[in-house]
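Peer 1: Below, the features straight out of Swiss-Prot:
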- 1-19: signal peptide (SIGNAL)
- 21-115: domain 'Ig-like' (DOMAIN)
- 42-111: disulfide bond (DISULFID)
- 93: N-linked glycosylation site (CARBOHYD)
């Protein structure tokens, strides 16, 4: 009986996790040549007002890039230079643009949102 209860609790937690709203990011992966422009799109949770971009270079820690609120950059890191830009063009998607990619831009990019 105890084993059944534990299995039921785990299943319930997994099921609850699947129904939570989530942030969607496209494309899921991008391969490009150096010097090309890349646009990464993020669809945040609908009622969220704050948006964030992070990146993680292979073998390194996750780095904060920029936060965005009320259609303006609210905070940015030192690595967020003129090569990068963010915008929320249609009021729902939140984009990160890398104007001219360099080898050191090779990384996993993550978006997030909060209320």
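Any Cβ shown, glycine's included, is placed from N, Cα and C.
As the structure is a computational prediction, the values presented were derived from the model and not from experiment.
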Peer 1: If you measure residue 93 (N-linked glycosylation site) to residue 111 (disulfide bond) at Cα, how many Å is it?
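Peer 2: Residue 111 (disulfide bond) has its Cα 11 Å from the Cα of residue 93 (N-linked glycosylation site).
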Peer 1: Note down the number of other Cβ atoms within 10 Å of the Cβ of residue 111 (disulfide bond), including every protein chain shown.
Peer 2: 23
Peer 1: Take every residue in the domain 'Ig-like' (21-115), average their pLDDT values, and give the whole-number result.
Peer 2: 90
Peer 1: Go through 42, 93, our recorded positions, and report the one whose Cβ sees the most other Cβ atoms within 10 Å.
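Peer 2: When each Cβ's neighbours within 10 Å are tallied, 42 tops the list.
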